[in-house]
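J.: One structure, as structure tokens, below. Some questions next.
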Amino acid sequence: MAVYDTIILDIEGTVCSISFVKNVLFPYFLDKLPFLLEQVEFPLDHTDNVTVTQILAKFPERYTKSKECLKTYINELVANDIKDPTLKQLQGIVWQAGYEEGEIVVDLYNDVIEALDRWKKEDKSVYIYSSGSIKAQKLLFSHVKFKSETRDLTNYIKGYYDPTSVGSKIESESYLNILKDLNKDPESAIFLSDNIKEVAASIRAGIKSLVVKRPGNTVHHDNQSFDFVYSFDNV
């Protein structure tokens with residue numbers, strides 16, 4: 001395998017299980033949502049300088065006229081896994097409280113922490129590109145379960161990207177935007193994700209890209225025109 005000095009990683013299904021997001025983060029958010037909405041007056045005052053109100057006001061106005069209407073709309077977004085940037089902002093606030101209270105910790109795949117340590121020793125730069133907000137990405141990597149303790153792994157990560165900063169993960173232009181921001185050539189970078197559409201977009205940008213196969217991920221047939229890896233051990 002060629003030598004790369006820039007490693008770009010997806011999160012869900014790549015460094016941690018899809019079930020962590022679906023079975024831990026999403027339910028936690030939905031459980032806290034009613035309490036969050038109880039703290040806000042409806043209809044929303046769009047001139048309010050309270051952070052939560054400002055975020056809620058970004059949802060379509062037809063859904064923000066009442067608490068129940070907005071709650072139903074947000075629940076539908078989550079149920080359908082809609083990558084809505086306003087939803088991501090709101091989730092980030094709720095998850096931050098959960099992480100800080102010790103109610104949320106993330107289990108990374110066993111090979112991930114070892115790889116991050118190895119890449120740092122090899123002077124390689126690691127970046128995260130996820131559909132989750134940059135705030136949520138940083139929270140996740142700063143609250144990692146490791147044996148009997150919680151570790152902060154943000155010192156291993158040089159930078160973070162999300163769709164609001166560089167564009168959609170299934171568009172090749174987004175990966176070119178990352179390279180431009182890093183002042184890197186495509187040949188110096190490698191991208192890893194469990195999502196074939198994301199890998200295809202990255203390849204179109206000229207970046208070496210690998211499909212990560214983890215337990216519980218979507219089944220892909222190895223005869224497709226992609227390179228697969230089952231862990232980060234040989235990356």
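Cβ atoms are placed via backbone N, Cα and C, with glycine included.
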J.: Which one of Asp194, Asp227, Asp233 goes with Asp10, Glu12 at the Mg(2+) site, as Swiss-Prot has it?
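T.: For the Mg(2+) site that includes Asp10, Glu12, Swiss-Prot also lists Asp194.
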J.: According to Swiss-Prot, Ser130, Ser131 bind substrate; which one of Lys71, Lys169, Lys180, Lys184 is annotated to that same site?
T.: Lys169
J.: Cα distance, Ser130 (substrate binding site) to Asp194 (Mg(2+) binding site), nearest Å?
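T.: If we compare the Cα positions of Asp194 (Mg(2+) binding site) and Ser130 (substrate binding site), the gap is 12 Å.
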J.: Counting every protein chain present, what is the number of Cβ atoms, excluding its own, within 10 Å of the Cβ of Ser130 (substrate binding site)?
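T.: Ser130 (substrate binding site): 22 neighbouring Cβ atoms within 10 Å.
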J.: Quick one: which residues besides Ser130, Ser131, Lys169 have a Cβ within 8 Å of the substrate site's Cβ centroid, in sequence order?
T.: Asp10, Ile11, Glu12, Lys83, Tyr129, Gly132, Asp162, Pro163, Glu198
